[in-house]
Amino acid sequence: MRTRHSLWRSVVVSSAVALALAGCASDSGGDSGDDDPDAAAPSTSAAAELDGPPVKVGFLNPSGGPVPQPGADTGATAAVDYVNGQLGGIGGRPLELVSCDTDTTPESATSCANTFVEEGVVAVMDGFNLSSSATLPVLSSAKIPLVGMIAFDSVTGSAAEDRVYFAAPQASFLVGAMQAFKEAGKDSVVLALVDTPSSHQTIDTLLPALAGALEMDASGVYFSPTNPNFTALAATIAKDDPDVGGLMASPNEAACTALVQALRQQQYDGTIFTAACTDYIEAAPADAAGGALYSSTWLPDAMDYAPEDVKADLEIAQQAIEGVDGGTGGFYAYAEFAQIVTFAKALDGVQGELTGETVLTTLKGLKDFPSFLGPDITCGSKTSPNCTTEMLLFDVQEDGSIKPAGDGFLTPVPEILAQIPGAT
Amino acid sequence: MDQLVLFVSLGFTVGAVYAVIGSSLVAIHSATGVLNFAQGSVALWGVWVAAELGTTGTLVLPVGELRLTDGPAPVPTTVALGVVSSTVLALLMHLLVLRPLRAAPALSQVAASVGVMLLVASLVPLRFDVTTTVARPILADDSVTILGAEVAVANLVMLGLAVGVALLLAGYLRFTRWGTATRASAEDEEAVLLTGYSPDRLAAVVWLVTGAATGLIAVVGSPSIGLDPLAYTFYVLPGLAAALVARLTSVLVACVAGLAIGSFQSLLLMFSTYDFWPVWAQAGFGDTVPFLVVVVALFVNGKSLPERGGVVSGRMPPVHPPTMRALPAFLTLAGVVAAIVLTEGSWRFGVVTSVIMALIALSLVVLTGYLGQISLAAMAFAGTGGFLLSRVTSEWGIGFPLSLLLPALGATALGIVVGIPALRIRGAHLAVVTLAGALAIQNFVFGNPALTPYEGNLIADPTIGGLDLGVRDGTNLTTVRFAFMVVVVVGALTWLTARLMSGRTGRAFLAVRSNERAAAAAGINVAATKLLGFGISAFLAGIGGCLIGYSRGQLSVESFSILVGLALLCTVYVAGITGITGALLAGLLAPLGVAETFLESSLGLGEYYNLIAAIALVVTAVLNPVGITGSVRAAVAHARSRRHHVLAA
């Protein structure tokens, strides 16, 4: 009898739990379901003029897991509104984004890739996914190209087949930044990054080459992804008082803020370099001044220093991104916006049916194409998925604005980049 | 010298957290006999509650939230509510999860505490805004000069807190009547009960105190350590190492060991910037080395760890050796084949993944269910198989089916190595050792840049006699050929395992599980049997890992992380770890399997998969320790006997 009681008890409890969960989940699912039509509403009204079947594009949305980037979702939503509402869609057809939530695991990326194939998308937008390489076997087999800005998964960035990345490879940002530091008379650099095999390989290959070519003293410090002790990390960086210290790549804005605080506590007074983070500037502009950050894309904080045509584009992006209800700004929003708008503009004149293959051929055929908020790009490299190696390095000013080093986009020395597979 | 002092002191903050977790583990083990894998999660929840209050003034509860202030809440409020949250979590864990399991086998307790750990870990990203929340400074920003080094006062405060907590706990256990009774209950619960103390109430006091202490140290330390939705969960590993150094008896030794591990890791970080330090020995090294030292220490002192005498000694879940009947086997096979033929796209991918995961689950059924050795390393063995497969196919050009066999043999060898400590270490302690093995494999094998090509771990499609067995063909996500190859491999290995388990080997396994001394007396070579179990288990997992590799086309470390391994053990436990049917069911429930495909594509609940799995685990562990298949079997038996009674009447 006792067994049966406990059995029934367990069944009842599990069902109650399942129901409660389903209740919560369907609530939130309902919310997001409501959000989508709302968000899509302007595009639908503007899209009334658009005709033909929609151009379906997948989106690896980095919305879950330990390091979500909600800005990417905001940027993508804003971009779809802008493309359908202002740009007239892609060749007169509405752009439809098939969004799939990922959580940095390869499993979620594979599952999304399967969904995209079943949905019949013609391309997949890589939203700065750390495991995007897990989608490649699935997408390559179905002849669907992977399109992004910067390949955060270095395996994806290491070869050119079936993928196009509009911005520079990861290595470019490091090399370009080092060059700019060297020019500014800063000779020693210590940068930290998360300890993964790919980051090790990039840094262990690049740093000696950089140090040799630029005659700089550059070193990397690795920190455990599951045990980031920022105080100890800051002390390690500040140990020999380098001219530049900071993060080579940041998992999120909070990590930047924590490290900047810790470095300041260590009385470190060199240039603090913060990958692509911007939030910490707003939090404490005085502390942030004198710091440096890099970007693939012009950012609104640099509005005063941007060329006139870029200013107009920045205003468009800013308006669209700020128009997204409950959206998140920052680098990821602007970069994702730029990515989708560049994609739409590049495909606009294509004649005939859009398939994965025609999308890939068109994108690979781009030559000196003006990318949105970015440099002119040429995407046909046989060895690299990237369409450029140019990047921006910004100096943080006293008033919290950011000013590009040099005249704008910097070009890293190709000889150093050539050491990294897929970078040139 | 000043650098050395500086870095030793920098390790105090994180070391203090390890120390308090370690001391708490020792105290909880004395009071209840449980090794609490969720102690890090107790810290995690408190830290996030405090950080959210400090950022938005909102008190986040597991369900719902309360807005307390319009802006950031004042620091004393955030600390107090963070500590209260951790304390309540610890107390709930005692009352709802581990107290009902106090007479249950070690595996149930491990599974339940791992369940709570996974539950909190999956709840944090869902409940908190993990992108923008920042832990605001709590301690003063001053520093003092010690031996020429500028040492932050905050680090010294943390050191003082940790030592204070350990002294208080040790004093409580040593000098108070309740404390003495708690220690006595570790020796003999019945006697304590007779003297008028309730072991449950004594345990509740310890849970309460350790929960509060863990919450306090983590909340106060979080501004220097940083916020991370997972990190604190894993602080239980160095905490366990510290507790084991203290042989689970001395709170003070655990505290010192925890502080030492913190300072050691900090020194490693400093050394890693020097040119003489080898590249392969960087961050992963710091996480692993303390653990490996502890494993060696454990192995050397294997028999001196305290075993607890309880009122009721734990009964193990019943095992039903495979009966080798043809009809159920045929029906299962027919069901799988029908599922493959009738589905397509991601559903068929789900079916095939489930079949593969069933094989890895089977490896746990053999090792943990039949042989009674709790292992958290199954996923690491699978990963070893997958990673070797990548080398074997893409670098050495070895073809199928030899490409399956070689990596599986590699995994087997590693399995036997990890199994050696099991010759002297048992129960929950063995779980810790296998966890250390998994950690070492993850950091030194999968995570080793020297062993991972820049282009990733690519895997060539299998072919046999010119027939392409590749998983994909154009937009066809899973070919029928690949699916049948998987079914043949998994089916054959399951049949072989069933044969083995229903024969002499299976009986030897069960004998070792029940009583090692009795088994040895009956002429069974216990050491050889254990190593055989680890070998078979790692072989099955290795083949499973290869099949996962073939189904994905390329692999990365994240697919085989410790967290995945823990989740797998739990899934198998929920499904029923003592039988082959349990393994099959676990396959259905595993990540990317049929259940997840259903949640994702039919209900759109994919992001809740981990949370649902963790809740199911805790609920099963507490209410239904025999697992789903066990309770179904019991229900069937009950229905039969009732019918029998009715007919007889």
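Cβ from N, Cα, C; glycine included.
Among the features that TrEMBL reports, transmembrane segment is placed at B:6-30 (among others). Taking Cβ pairs closer than 8 Å, the transmembrane segment (B:6-30) reaches residues 36, 39-40, 43, 146, 149-152, 154-156, 158-159, 161-163, 165-166, 169, 173, 182-183, 186, 203, 206-207, 209-211, 213-214, 217-218, 221, 224-225, 232, 235-236, 238-243, 246, 248-252, 254-267, 269-270, 306 in its own chain, all 6 or more past its ends.
Per TrEMBL, the feature transmembrane segment maps to B:75-98 (among others). For the transmembrane segment (B:75-98), the residues of the chain that approach it from at least six positions outside its boundaries are 32, 34, 36, 38, 41-43, 45-47, 49-51, 53-54, 59, 68-69, 109, 112-113, 115-116, 120, 136, 138, 203-204, 207-208, 210-212, 214-216, 218-220, 618, 621-622, judged by C-beta separation under 8 angstroms.
Distant neighbours of the transmembrane segment (B:148-173): 1-6, 9-10, 12-13, 15-17, 19-20, 23-24, 27, 30, 139-142, 179-180, 182-183, 209-210, 213, 216-217, 220-221, 224, 250-252, 254-255, 258-259; these residues of the same chain sit at least 6 beyond its ends, with a Cβ under 8 Å from one of its Cβ atoms. Marked as transmembrane segment by TrEMBL: B:148-173 (among others).
Here TrEMBL flags B:202-223 (among others) as transmembrane segment. Same-chain residues lying 6 or more positions outside the transmembrane segment (B:202-223) and placing a CB less than 8 Å from one of its CB atoms are 13-14, 16-17, 19-21, 23-24, 27-28, 30-32, 39, 42-44, 46-47, 50-51, 78-79, 82-91, 93-95, 99, 102, 135-139, 157-158, 161-162, 165, 168-169, 172, 178, 181-182, 185, 192, 232, 235.
The transmembrane segment annotation in TrEMBL covers B:251-274 (among others).
For B:280-302 (among others), the entry in TrEMBL reads transmembrane segment.
If you look up TrEMBL, you'll see B:323-343 (among others) marked as transmembrane segment.
Residues or ranges marked as transmembrane segment in TrEMBL: B:398-420 (among others). Long-range neighbours of the transmembrane segment (B:398-420) within the same chain, counting only residues 6 or more positions beyond its ends whose Cβ lies under 8 Å from a Cβ of the stretch, are 299, 373, 375, 377, 380-382, 384-389, 392, 433-434, 437, 441, 462-464, 469, 489, 530-531, 533-539, 541-543, 545-547.
Sequence-distant contacts of the transmembrane segment (B:482-501) (same chain, six or more residues past either end, CB-CB distance under 8 Å): 321-322, 324, 329, 333, 336-337, 340, 348, 351-352, 355-356, 358-359, 362, 366, 370, 401, 404, 462, 469-471, 509, 536, 540, 543, 547, 550-551, 580, 583. The feature transmembrane segment is assigned by TrEMBL to B:482-501 (among others).
Annotation source TrEMBL lists transmembrane segment at B:531-550 (among others). Here the transmembrane segment (B:531-550) has long-range neighbours at 353, 356-357, 359-360, 362-364, 366-367, 370-371, 373, 375, 378-379, 381-390, 403-404, 407-412, 414-416, 418-420, 422-423, 457, 459, 461-462, 471, 482, 486, 489-490, 493, 497, 500, 505, 509, 512, 559-560, meaning same-chain residues at least 6 beyond its ends whose C-beta is under 8 angstroms from one of its own.
The feature transmembrane segment is assigned by TrEMBL to B:562-588 (among others).
The transmembrane segment annotation in TrEMBL covers B:608-636 (among others).
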Taking a Cβ cut-off under 8 Å, which residues six or more beyond the ends of the transmembrane segment (B:251-274) line up next to it in the same chain?
3-4, 7-23, 25-27, 159, 162-163, 165-167, 169-170, 173, 238-239, 241-243, 245, 281-283, 285-287, 289-290
Tertiary contacts of the transmembrane segment (B:323-343), as residues 6+ beyond its ends and Cβ separation under 8 Å:
350-352, 355, 480, 483-484, 487, 491, 495, 498-499, 502, 584
